[in-house]
Amino acid sequence: MVVSMALVRHSPSFDFLFHFPVDRSRFLSPVAFSSVRYHRFHSCRWLSLRSSPSCSRRLNSFSSRCSITNTDVCHEFVTTDDEIHEDLLTPIEDHSIPIVHLDTNISVTESLTLLTECTYVDTVLTALPVLSEEEQTVIAATPAHPEGLYVLYASCLVGNLVEQLWNFAWPSAIAMLYPSLLPVAVMGFVTKLAIIAGGPVVGKFMDYSPRVPTYISLNVIQAAAQVLSAGMIIHAYTVPSTSASSILLQPWFFALLFAGAIDSLCGIASGVAIERDWVVLLAGINRPIALAQANAVLHRIDLLCEIAGTMLFGILLSKYDPVTCLKFAATLMVGSLPTMTALIWLTNKFSSGVLDRPKCSLNSCSAEGSRTNTDSIFDIGMETIKLGWKEYIQQPVLPASLAYVLLYFNIVLTPGSLMTAFLTQRCVNPSVIGGFSGLCAVMGVAATFLSANLVKRVGILKAGAVGLFFQASLLAVAVAVYCSSSLSHKSPLFFFLSMIVLSRLGHMSYGVVGAQILQTGIPSSKANLIGATEISVASLAESLMLGVAIAANDASHFGFLAVLSLLSVVAASLIFCRLLRNPTDEQRRLFSFDPLSN
């Protein structure tokens, strides 16, 4: 048992916190006995502390006014009542008894400095002893820092709106300039390579950097990279038009590739920080309902921003020329930066500075710092990449993660850059393209609500399987429509797009459920490293398909790319079924609450 701080104090106002009586005579007697019941969620431990007569002198120094606050129990080291009784019956001469010096003047603020990495949890649940199941549910559904969490939502709303608008803007502008998939495919391929190489390094960098200053710096760098990209595309509209293959050697295109890689790495780093670190601290790691609700809200914000961003730029592109639209996007990027910075600062302020807590213990930080001084940056980077891939392969929920990665092979039957370029070259109205992306996001928002009900009905693992099979079935219909009819007519085209829109319901359902599976199976101490490495693996899968798209860059080869995308979704469904039908002992332990065998 780890006790962060013990205060010798008792007051009638705190009687409701403790349901055991304190008798002065029993502490002053030769044989002192106290019984403390520790209740936290569904786990309960009884500790019976019996002292020998030789210990009575130390107990005499205790006051009857006693309370225990900020306690945290590591369940791996909690022993049973019998084990403690046996240890305490051992003769005193065989075991040294530590003397605890208690200071009644320690303030609550000073006690927070005693927290280490394993105790970065709010202490409300651990300070309340015996609670009813209804009271536990109410507290578990209450965020630890609700004000800070709401400000974080506002920050994500501003940042995601700009990012989603730009993700739709640049492929549309390039596709209107060059009637080929080659520039967009090369741009996506290079950015994915940057994520593959830099993902684990960025993840570990975020683990050893202060949260707020690092996040603000990433926002500034990302905004600068996006403005540079917009400037390069605007410059491409001012120079004489050349072939799609010749622009790959233009200086402005190299600058565009560099800016796109920086933009992607900054986006990955900030996304991992919010989803795997910040939201856990603000919602409370020991408040599962509040954490689940926070995750759902973040998904909805991202999808709603995708709807607003794509539709806004699509409407602008249908009324104005691409250069004017790109200038508007660049202005929006620069204008949103001060707002995001202020919201991030307010998030930390309203959460009582919880984001200022260090993310590693003193020993691990000092060890990392000494190794940084002795090793080169290249060696540290290579070791980080190897460690990330090793931890990723050894994670207990690898099949679920591989299914998630395989979905990234689907690069054309999705509202992405290649689909945008394909529809643009088919002379589809930009407002229709924006509406298609927006409807796909609407299906994602609906999936965040339906997935919770699906989990309650069939369990978390079966809910993931349902989402994957639903997506595979609808994409099979879409591919059949594409291969059997011409998309030059409106009816087949709209039916083809509608199947893809409906398939997003299954895709996003698995995204929400899969995130919960990974949060359950991945240790919190490795969440950032494994999460960033998983994104790198997913980027590797996407880059392989982009490489195929570069080889088959003509729009007539779109059907071949669509078939490959369908096969990747089918393979993801089959791999996930292996986790569902043949779980390991470790997986059974992790998902003991889930009806695996039903």
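Glycine is no exception: its Cβ is also placed from the backbone N, Cα and C atoms.
Database features, via Swiss-Prot:
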TRANSIT   1-54  transit peptide
TRANSMEM  182-202  transmembrane segment
TRANSMEM  216-236  transmembrane segment
TRANSMEM  252-272  transmembrane segment
TRANSMEM  297-317  transmembrane segment
TRANSMEM  326-346  transmembrane segment
TRANSMEM  402-422  transmembrane segment
TRANSMEM  432-452  transmembrane segment
TRANSMEM  463-483  transmembrane segment
TRANSMEM  493-513  transmembrane segment
TRANSMEM  530-550  transmembrane segment
TRANSMEM  557-577  transmembrane segment
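Packing against the transmembrane segment (432-452) from elsewhere in the chain are residues 168, 172, 296, 299-300, 303-304, 306-307, 310-315, 317, 414-415, 420, 423-424, 463, 467, 497, 500-502, 504-509, 511-513: each is 6 or more residues past its ends and has a CB under 8 Å from a CB in it. Listed by sequence, the residues of this chain that lie at least six past the ends of the transmembrane segment (402-422) yet keep a Cβ under 8 A from its Cβ atoms are 167-168, 170-172, 174-175, 181, 184-185, 187-188, 310, 433, 436-437, 440-441, 464, 468, 475, 478-479, 500, 503-504, 507, 510-511, 514, 518, 534, 537-539, 541-542, 544-546, 549, 555, 558, 561-562, 564-566, 568-569, 571-573, 575-576. For the transmembrane segment (557-577), the list of distant contacts is 399-400, 402-404, 406-414, 418, 422, 464-465, 468-469, 471-472, 475-476, 478-479, 482-483, 541, 545, 548-549: same-chain residues at least six beyond its ends, Cβ to Cβ under 8 Å. Counting same-chain residues at least six beyond the ends of the transmembrane segment (530-550), those with a Cβ under 8 angstroms from any Cβ of the stretch are 181-182, 185-186, 188-189, 192-193, 195-200, 202-204, 206, 268-269, 272, 275-276, 388-389, 391-392, 395, 401, 404-406, 408-412, 418, 518, 522, 561, 564-565, 568.
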